[in-house]
Amino acid sequence: MATQADLMELDMAMEPDRKAAVSHWQQQSYLDSGIHSGATTTAPSLSGKGNPEEEDVDTTQVLYEWEQGFSQSFTQEQVADIDGQYAMTRAQRVRAAMFPETLDEGMQIPSTQFDAAHPTNVQRLAEPSQMLKHAVVNLINYQDDAELATRAIPELTKLLNDEDQVVVNKAAVMVHQLSKKEASRHAIMRSPQMVSAIVRTMQNTNDVETARCTAGTLHNLSHHREGLLAIFKSGGIPALVKMLGSPVDSVLFYAITTLHNLLLHQEGAKMAVRLAGGLQKMVALLNKTNVKFLAITTDCLQILAYGNQESKLIILASGGPQALVNIMRTYTYEKLLWTTSRVLKVLSVCSSNKPAIVEAGGMQALGLHLTDPSQRLVQNCLWTLRNLSDAATKQEGMEGLLGTLVQLLGSDDINVVTCAAGILSNLTCNNYKNKMMVCQVGGIEALVRTVLRAGDREDITEPAICALRHLTSRHQEAEMAQNAVRLHYGLPVVVKLLHPPSHWPLIKATVGLIRNLALCPANHAPLREQGAIPRLVQLLVRAHQDTQRRTSMGGTQQQFVEGVRMEEIVEGCTGALHILARDVHNRIVIRGLNTIPLFVQLLYSPIENIQRVAAGVLCELAQDKEAAEAIEAEGATAPLTELLHSRNEGVATYAAAVLFRMSEDKPQDYKKRLSVELTSSLFRTEPMAWNETADLGLDIGAQGEPLGYRQDDPSYRSFHSGGYGQDALGMDPMMEHEMGGHHPGADYPVDGLPDLGHAQDLMDGLPPGDSNQLAWFDTDL
């Protein structure tokens with residue numbers, strides 16, 4: 001190791017060389033600066049003399065770090081030589097940085113840049129000058145292009161109109177080249193004569209190259225609003241539509257992209273394309289296989305069809321639904337699938353296109369993409385499926401779609417859950433296979449969980465409750481479904497939905513579900529314990545009062561509140577109480593609410609379904625002696641006897657059963673006369689002994705068929721964009737048909753309700769009569 005004395009001796013020996021190096025740097029320049037004025041700055045130097053603050057710098061450390069940065073060492077002579085080279089080439093380095101084009105070709109200039117990631121000061125200072133130089137050059141070129149085009153346009157316009165097709169072709173090529181540069185492109189679009197000549201040439205030529213160049217020129221012009229207007233004013237749209245029939249792919253591409261730009265940004269373009277027959281041409285192009293071309297074409301169709309019924313019908317007549325469904329079934333390119341799903345969404349609100357899409361397999365094709373990573377594609381498919389689903393209740397092969405929809409109920413996206421619930425509601429209506437499939441894949445549990453999570457979001461709870469209502473009746477798994485709602489803790493939340501803030505559409509659906517749940521004896525006690533019976537009576541009283549009030553005012557039309565007829569609520573609540581009354585404890589609660597006078601009054605209703613459910617609940621209540629006596633005391637014998645002659649077998653049978661039970665304590669003679677009357681009324685076509693009927697009417701509907709929801713026209717609200725108020729079968733059956741034969745409608749009492757004891761208290765918390773209807777309206781959005 002060197003001693004202190006050795007180091008001092010070495011330092012003294014190097015002192016003259018160090019001073020000489022510093023003097024040279026001050027006279028010339030530091031090897032890494034390239035700037036003469038560097039000597040007058042206070043930038044630190046290797047000697048440390050240039051900055052008084054660094055007099056105490058450890059030079060050994062500096063030398064150590066310097067050595068670490070290089071793989072070889074330099075002698076003082078070599079350093080001096082390199083320093084001299086840098087000083088001699090300083091001007092060349094500055095010129096190379098700022099004006100590289102002025103250097104002689106092949107000239108080598110030593111660089112002062114040690115690290116490629118860190119530019120030198122000269123290089124950094126040169127950047128603005130380079131940018132300025134390029135800007136000036138571009139400006140000169142732009143001006144040259146503009147001047148050249150301005151001078152050439154009149155002559156090129158004449159050449160495009162020449163009779164010699166060779167001349168026309170050459171002119172078209174030149175115009176196409178000019179349109180690629182911005183300055184000349186602006187000059188072209190500012191010449192109406194030139195644009196008209198381009199359009200005319202494109203439309204009339206038989207030469208492929210000429211067509212390609214002219215179409216390409218219009219495509220270039222269409223990237224500017226001024227160009228779009230020029231094309232539009234020159235009659236370019238009919239010509240471009242004609243080009244959609246070209247056998248040349250490049251011409252097709254130019255034509256469709258130019259039309260797409262026009263449709264997006266040029267006012268009046270949509271009508272012009274429709275009038276030129278563009279829709280038919282575009283639908284015919286859907287059999288192409290270029291996915292990017294198809295994406296632009298389908299987007300054009302969406303723009304044209306949106307909000308225009310005539311366009312939707314033209315697409316239908318041209319075979320559009322089948323072609324669009326084929327695309328959804330065939331391709332995987334996300335943008336194409338998205339644009340195609342947008343067209344289908346627009347068409348799915350058209351009553352004519354809807355069945356065509358369904359018949360083409362649209363439900364299954366759209367269902368293929370519900371698990372796609374693209375959320376915009378999934379959402380469009382769901383919206384379209386929701387719109388189509390009310391027309392797809394008879395479709396086969398829906399197993400995969402149903403399973404996916406049940407899974408989507410667990411999504412955190414509210415829009416996804418809303419659509420999935422609405423689709424399931426429609427697809428489970430009147431389709432026992434779909435009902436069984438949904439039950440088998442855990443649909444009951446998923447729907448109950450959805451209702452629990454939704455809270456008071458009725459756009460989710462209403463379709464979910466309707467789906468549960470469908471799943472709990474009229475199929476082999478119905479009893480399992482009725483039990484499953486209870487086992488998955490659904491009864492409390494279902495009963496809760498009968499209360500505020502629920503609106504009438506949701507209340508109607510919930511009443512129907514409770515009626516179905518009551519078909520399962522195991523649900524009788526839990527429903528009673530949750531307070532379902534008093535709330536049903538409360539709703540019944542309110543709805544009946546509304547119908548009475550309207551009748552007393554001379555109204556003949558059925559009253560709608562939030563899209564629901566109050567007669568539907570009367571029928572639904574009475575029907576639910578009818579099934580609940582099969583349980584002896586429930587009968588006691590129902591009778592204790594002083595409902596018998598109201599049920600007797602309902603026997604006078606002009607609506608057959610209300611007559612039937614009223615007679616049905618009285619039939620159940622009449623099993624108890626006290627109730628039978630109360631029914632008779634309310635004067636039920638007269639209306640029941642009248643109803644024996646009803647042409648509705650359900651009404652007549654229930655009426656007979658009530659009369660029969662009311663006669664159990666009567667003298668034998670009365671029983672005999674009644675038996676004759678019942679036999680003659682009930683068995684007019686097939687006379688038989690009364691005692692052969694056993695328990696007539698005691699279990700009508702026991703197979704799980706809600707008496708108010710017939711197989712051919714269930715109480716069903718379609719969840720598609722047409723709104724809650726539209727039914728899949730075109731009618732709402734709960735109160736649709738009046739009794740065909742004689743009925744006591746003229747004597748229907750309109751005086752006040754019998755005293756229910758707690759009627760006023762029951763009125764609190766009912767939905768308002770004038771709330772806005774909750775519905776999805778028919779829209780392309």
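Just so it is clear, glycine is given a Cβ too, placed from its N, Cα and C backbone atoms.
On a predicted model such as this, the values are computed, not experimentally measured, just so you know.
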Worksheet entry | From 92-101, 492-501, 772-781, the residue range that Swiss-Prot assigns the feature region 'Interaction with SCRIB' | 772-781
Item to complete: Have a look at 156-178, 248-270, 363-385, 639-661 and point to the one annotated region 'Interaction with BCL9' in Swiss-Prot.
Response: 156-178
Worksheet entry | C-alpha spacing of C619 (S-nitrosocysteine) relative to Y333 (phosphotyrosine), in angstrom | 63
Discussion item. Counting only residues 6 or more past its boundaries, what in the same chain has a CB within less than 8 Å of a CB in the repeat 'ARM 2' (181-223)?
Written reply: 141-143, 145-146, 148-150, 153-154, 156-157, 160-161, 165, 168-169, 172-173, 175, 230-231, 233-236, 238-240, 242-243, 246, 248, 250-251, 254-255, 257-258, 261-262
Discussion item. Do any residues, 6 or more residues outside the repeat 'ARM 7' (392-429), come within under 8 Å Cβ-to-Cβ of it, and if so which ones?
Written reply: 358, 363-364, 367, 370-371, 375, 378-379, 382-383, 385-386, 435, 437-438, 441-443, 446-447, 449-450, 454, 457, 459-460, 463-464, 466-467, 470-471, 714, 716-720, 728, 776
Worksheet item: Out of S246, S552, which has the highest number of nearby Cβ atoms, where nearby means within 10 Å of its Cβ, if these are the modified residues?
Response: S246
Practice prompt. Determine which residues of the chain contact the region 'Interaction with BCL9' (156-178) at the Cβ level, with the cut-off under 8 Å and only residues 6 or more beyond its ends counted.
Written response: 145, 149, 184-185, 187-188, 191, 193-194, 197-198, 200-201, 205-207, 209-210, 213-214, 216-217, 220
Fill in: Neighbour count (Cβ, 10 Å) for C619 (S-nitrosocysteine)
27
Fill in: Other CB atoms within 10 A, centred on Y333 (phosphotyrosine)
15
Worksheet item: What counts of helix, strand and coil residues does DSSP assign across the repeat 'ARM 11' (583-623)?
Response: 30 helix, 1 strand, 10 coil
Discussion item. Please report the distance from the Cα of S552 (phosphoserine) to the Cα of Y331 (phosphotyrosine), rounded to the nearest angstrom.
Written reply: 63
Discussion item. On the 0 to 100 pLDDT scale, where does the repeat 'ARM 11' (583-623) sit on average?
Written reply: 96
